[in-house]
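According to TrEMBL, the feature GTP binding site maps to ASN30, LYS31, MET32, ASP33, ASN104, VAL105, GLY106, LYS107, SER108, SER109, GLY156. Annotated domain 'G' per TrEMBL: 97-165, in sequence order.
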Amino acid sequence: LLSSTHIPLSGRNPMLQEALGIRPHILVLNKMDLADPRRQPVSTGAGLAGWLGAHGLLQASASNASACPFQTIVPLVAKLVGKSPRYHKAESTEYSILVIGVPNVGKSSLINALRRLHLKKGKATAVGGEPGVTKAVLTRIQVCEKPLMYLVDTPGVLPPKLGDVETGMKLALCGAIRDHLVGEDIMADYLLYTLNKQQQFGRYVQRYKLAKACDDIGPMLRSVALAQGRTQKVKLLTGTGNVNVRMLNYPAAAYEFLRDFRAGRLGRVTLD
């Protein structure tokens, strides 16, 4: 079970808890390099401990597969399955593991990272920054030789109904919901509110050349457009004919603001 450390609580589909039941499973918190290290103990401690019980919890980043948490995934899976009498199968010693989670949380990246780490082979499944790259349950992908282990990539699954609007905004900011379904300007406004609430305005003030922190998304997007050169050519009708002028592109500026957040250029942020 994969989740993002941006949203360690909001990024988990509560329906998966019932679906997993007593099956052995590990919760991997991905993208550790983008999360606020000061907020992780609060976010992952009490909220996840009761849900996981005796199961495994790992915090990792698919961009750094050589890190210790990634090296412990395969042994931990083998240990959990081996301790479960229900899954003792003398006729077969191979492991088939399903990788599940909400969209765009890094499931395909995790499989490719484990494959590089244990088999020294290239990527076997497509990845992307938008939700919906994986559209169907794929065939088994070998990620380890000893023990023989296969992972199965799956499409991201969101619950049919989100608990509240704020949970939906957090999921959208992390790319689990397509931007146009929520609106880039609305998401940018919520992101600015969140950064200011957590007093993480130093990075965006510096990056967009602001005099001070801003709590109005309009002037903020204007500064983003100016700093990043987001303009568009507009044709104006005048009494002497058509005139082409360049104007600030606010939708492009909002998208740029979201991209900077997702890439970690605005600092390490945990939304939960």
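Placement of Cβ uses the backbone N, Cα and C atoms for every residue, glycine included.
For the domain 'G' (97-165), the mean pLDDT of the prediction comes to 76.
The number of other Cβ atoms within 10 Å of the Cβ belonging to ASN30 (GTP binding site), over all protein chains shown, comes to 27.
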